[in-house]
């Protein structure tokens, strides 16, 4: 094969290019630049190489940071029971977009069971209404989500749901879909003023049972600390818009959980205390659990004291400088309440790509009670 042709257009001067060759036709047939067959093959190779180069560049642009993201298919999350009500709220197509999660559609339309990407069952309705799960209509491989924000002490009947659910949505940090009651977020605006304090301690409680640890602790505190009790249990209920301004007048708020369980930190801490501007005195999981969510100097844990009397003395004798130190976090952080079930369910879409499809909770009761 002759590759020394001086002209690539098929009109080379063979005698000039190769004066030592006497058979010009043989030379022409073997010249890549002159033979039309070889020219077509060469141009074909060039075109193929160019196509491969374009494909490679397109892949590279999509794979590097800042490249055009691949469009994500819209996920449909079916809510079988809307929590605590027979009617779901309005669920528009952009519901999850409001919470920063695109390509996610929530629906309470049970006719979508066959096509939904995941189905959510809230335990309270399973527990109180004895609703029948649509096991005979379940599509093969469809993930089912068990959801609750209640403590194990108030969650019953889990033995009936062995080997059914794939994922768990709850306040537990080891849940597949972790949804706390609240969190602290970075905040760069001006520090909000601390409400004026005129009273010592407040407690809002609706379900007061003497057998509960919080009731026992309150009985021990009461002789040493002035605590104003609100809620149905005391006959002094507060309207929804009255709770925060009422608690804001108090220096401390008793954030006593109704039961003490792993990661169980509810609105009694996030809303009733932190959002209201009172220092939370907490009874719940260990101090280390609270410190996973907030700075260690943002709350007072009852476990840090040997007795209720010692705790009361600490609260009553606290000077103003020490008291204001519990609000240092407000200079850079703010409370974000996560009490909207729509946002909680939208979180499923954010976690969906990372969750194992083949996982099954064979003993949901043992896992949740642990």
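Cβ coordinates come from backbone N, Cα and C, glycine included.
Cross-referencing 37-59, 60-82 with Swiss-Prot places the feature transmembrane segment at 37-59.
Listed recorded positions near residue 242 (disulfide bond): none (candidates 86, 96, 104, 109, 349; Cα-Cα distance within 10 Å). Considering only the recorded positions 86, 104, 239, 346, 349, residue 319 (N-linked glycosylation site) has 239 as its nearest partner by CA-CA distance.
According to DSSP, residue 104 (disulfide bond) sits within a strand segment.
Sparsest Cβ environment among the disulfide-bonded residues 96, 104, 239, 346 (other Cβ atoms counted within 10 Å): 239.
Cβ-based neighbour count (10 Å, all protein chains) for residue 349 (disulfide bond) stands at 24. Set side by side, the glycosylation sites 86, 109, 319 differ in how many other CB atoms lie within 10 angstroms of their CB, and the most is found at 109. Here the Cβ of residue 242 (disulfide bond) has 11 other Cβ atoms within 10 Å, regardless of which shown protein chain they belong to.
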